Each structure stands twice: as C-alpha cells, then as structure tokens.
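A quick write-up on the structure given underneath.
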Amino acid sequence: MGRFIFATLGLLLVAFSINGAKGCCCPHDWLTLKGFCYKVFNEHKTWNDAEMFCRKYKPGCHLASIHSGEESTDLAEYVSDYLKSGGNVWIGLNDPQKKRSWQWTDRSQNNFYPWKQGEPNNRANNENCVELWSPLGYKNWNDESCASTRAYLCKCRF
C-alpha cells in the first residue's frame with residue numbers, strides 16, 4: 001500500500017512538472033514571451049487609466065516594461081500584427097516626479113532606452129509618459145502627455 005501511494009504521488013509530481021513546463025497559462029489571445037504574457041488593448045485610454053486597467057485585469061499586471069532589443073523586436077512585431085490601423089501604444093515607463101527620471105510601473109530596472117531620434121524632448125514641458133512609436137514600427141519610444149489617449153500594452157504573469 002505504501003509503495004502504491006508513493007508511486008501515485010510521484011506520478012502526480014511528474015504531471016504537475018510537465019504542466020508547469022509549458023510556460024503556463026497565458027490566455028489564448030495573449031503573447032507568451034520569456035515567462036510573461038502580453039496583450040495589446042485597442043480601447044484608447046489615458047496613460048493613468050491604461051495602467052489602472054492593467055492592474056485591475058490581474059494582480060501583478062502593469063503596462064509593459066521592455067528590457068532588451070530582442071524583447072522590443074518581438075513586441076514590435078506583435079503590436080504591428082495586432083494593430084493593423086497603426087497608432088501609438090502606451091508602455092509602463094513614466095516620469096512621475098517630472099524630473100526626467102524614467103521609471104517602470106512594475107518597478108523593474110531601467111536598462112534599455114530605444115528613444116526615437118530627438119526624444120525624450122518634453123515638448124511643452126508636459127510629456128511624462130512613454131509610448132511605442134507607430135511610424136517607426138513600434139521599435140522606438142516617444143515621450144507624450146499622459147493625458148493623451150492611446151491603445152496600450154499590458155504585461156502579466158498568469
């Protein structure tokens with residue numbers, strides 16, 4: 001009897017391990033990338049409203065942080081495929097104290113800044129949020145007024 005229970009528990013452990021190895025569980029309409037799930041939402045919101053939407057969608061979700069050229073390229077391709085009509089897209093980088101000190105809403109490290117040429121420029125002293133720039137294929141960033149409305153990219157773990 002003891003061996004049966006031990007064998008059963010062993011099989012359950014193997015089954016759970018295999019399930020977990022799938023990169024578990026992004027919803028079918030989300031992009032899975034390096035352990036995270038990403039989704040573009042095309043309902044235009046201000047930057048603050050977009051961040052709040054991501055947070056309410058699931059605890060731990062935020063507007064997307066981007067940390068490498070590879071991640072940026074993969075997300076640019078995903079966003080381009082999803083938003084056929086174009087339009088810039090909010091990400092989770094902002095300057096909450098308006099001192100040109102950029103921070104991710106998920107509190108991750110700032111280590112990658114593919115600004116489009118001439119950016120960030122803080123035009124009209126009012127650009128404290130960051131968007132993926134559509135005319136350059138979503139691979140570069142632009143600072144923009146947080147009150148502007150845009151599509152947005154959420155990043156979660158499920």
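Using N, Cα and C of the backbone, Cβ positions are placed for all residues, glycine too.
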Residue among Glu77, Glu127 sharing the Ca(2+) site, where Swiss-Prot lists Asn142, Asp143 as binders: Glu127
Cysteine paired with Cys26, where Swiss-Prot records a disulfide bond, from Cys37, Cys54: Cys37
Cys146: disulphide-linked cysteine among Cys129, Cys154, Cys156 [source: Swiss-Prot]: Cys129
Per Swiss-Prot, the disulfide partner of Cys54, chosen from Cys154, Cys156: Cys154
Assigned element (helix, strand, coil) containing Cys154 (disulfide bond), judged by DSSP: strand
Whole-number Å value for how far Asp143 (Ca(2+) binding site) lies from Cys54 (disulfide bond) (Cα to Cα): 20
Glu127, Asn142, Asp143 excluded, remaining Cβ within 8 Å of their centroid (Ca(2+)): Glu119, Pro120, Asn121, Asn122, Arg123, Cys129, Val130, Glu131, Trp141, Glu144, Ser145
Under 8 Å by Cβ from Cys154 (disulfide bond), same chain, sequence gap 6 or more: Tyr38, Lys39, Phe41, Phe53, Cys54, Tyr57, Cys61, His62, Leu63, Ala64
